[in-house]
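Working notes for the structure below.
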Amino acid sequence: MQKFARLCCMAPLFLLLGLLPFALAGHDYGQALSKSILFFEAQRSGYLPSTQRVNWRGHSGLNDGKANGVDLVGGYYDAGDNVKFGLPMAFTVTMMSWSIVEYGRQMAASGELSHAMDAVKWGTDYLIKAHPQPFVLYGEVGDGNTDHYCWQRPEDMTTSRQAYKIDPSNPGSDLAGETAAAMAAASIVFRRSNPSYSNELLAHAHQLFEFADKYRGKYDSSITVAQKYYRSVSGYADELLWAAAWLYKATNNQYYLSYLGNNGGSLGGTGWAMTEFGWDVKYAGVQTLVAKFLMGGKAGNYASVFGEYQQKAEFFMCSCLGKGGGNVQKTPGGLIFRQRWNNLQFVTSASFLLSVYSDYLTSAGKTLNCQSGRVAPSELLSFAKSQVDYILGDNPRATSYMVGYGSNYPQQVHHRASSIVSVKVNPSFVTCRGGYATWYSRKASDPNLLTGAVVGGPDAYDNFADERDNYEQTEPATYNNAPLLGLLARLHGGHSGYNQLLPVVLPMPKAQPKPAPETKTAPAQVPSSAPISIEQKMTTSWNDKGKTFYRYSTTVTNKSPKTLKSINLSISKLYGPLWGLTKSGDSYGFPAWINSLPAGKSLEFVYIHSASQADVSVSSYNLE
């Protein structure tokens, strides 16, 4: 169970350079991915399914919500205890979903996509139950005080299972906002495989966003028992933007685009420059998502505001690399260090953002601007890889901080279920205090292997004590693992050259690729004397499963002395997505954020497909 985080900047960090970010030998990222997903099955509450692979666990929490007249059976225990905390659980679901949205193809290639989607659905099934009415959301089952007094298997729980909710009289915008984000992100995951479930998730997401925005307040002021464990230090403004960003990504609804554009300043999206991302502080995640919208041509009329979001996203990236202002601290062994208590949560979440932003920049043909100068996108991925490698054992102690990975990993995990003999082996009841006397104080390895769990990790000097009572370092958490799903899938997939600005389709179809034609870079056929010139160039290419994709940049320039008031472009032989123009019927015109083009000015649009350049010509125009 994680204590609250604080908003602050960090001390300097020097970049651990890795010039070969795609030389991925040394660790079996595929195996680590499989294990990291398996951990979520050990955290399950409720009736376990027949497909359960962690077979030392049993059914638990079967009366959750009964005293409150609602079914709250299911969901996840957050860490080494038996409480279900809504805020970190929803964040976990959001980050698992984001992992799949970005790297689902790589998960499918490794055979883990279905397991990852099962992990998301176990969380969303519970979140749906926890939202029985539009403006009611249950945010906690059990409480930390009574839970920590006992050391029992989940199957033996005798502690309070009181449920706590937010409603219009007792609001919680941060909790409702994060849950809306989780529902929206997960709706993308299931859009193709289970469209009715995806639509159900979206309906909950819309309602929860309205609840969060209309009835504003911090959830821990309403659910006060959460304050000692998951206090909302950053408040709820970041979660409102986070939810809006995910709803825009899931729906393309202009309302959410406008919300991000109009509230970026007042809610801190364009103001907060962060060096931390996690279950409490979402700003860096919001800023990274909005930067993707901007680079993908989806900013609409808010390009300038979204540019401010992107500046803050790049502050975060540069700070992690040690090349910006207010750089993050690192250990002598090169690990990002934020705090002693469960530091690895910040390492995995930051590394995920570094990975996706690296791919966004590469897809857009851009570089990162830091105080020290321009940085290639590959450096971001290289640094993220160094953090994962540290977790998996490349550190001064040669210790893997993922249980069950490698030969030297924590044996005394601060985790009730894994530290007590399985109910399947010995069903004898374990009492509240008896568990402490018999199992907690036992100086031996856990009887059950908590495969894939990422523990809290080492201190600021790379020191680590593998002791069960050292909860700051040996307790795992679901939100430690959630960002790792995508990151490990990315590293396991290697440099396949896929484009993260393409529309999301999960899972990838398995059609046989056709041979790609030879690409050409040449101006479109427009007479030099024409008042409007069109020039095309291929800016990057990549290979994915035998098929070569090309990104083309097309510049339209007004060469006349007059203002171009309207234009209709004809584009044929286009076989992929296009950004930067508005389509009307069979022709294309100015994008939504431009209504004219002054003399000598240009506009750019881009498109991606697996063919030579499209044919672009001017159908009509109006000069005034």
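Placed from the backbone N, Cα and C atoms, the Cβ positions cover glycine too.
Per TrEMBL, the listed range annotated as region 'Disordered' is 510-529 (candidates: 150-169, 510-529). A distance of 5 Å separates the Cα atom of His414 (active site) from that of Glu475 (active site). Looking at Asp466, Glu475, the active-site residues in this record, the fewest other C-beta atoms within 10 angstroms of the C-beta turn up around Asp466. Note: the CA-CA distance between Asp466 (active site) and Glu475 (active site) rounds to 10 Å. Helix, strand and coil residue tallies for the domain 'Carbohydrate binding' (532-612), in that order: 0 helix, 51 strand, 30 coil [DSSP].
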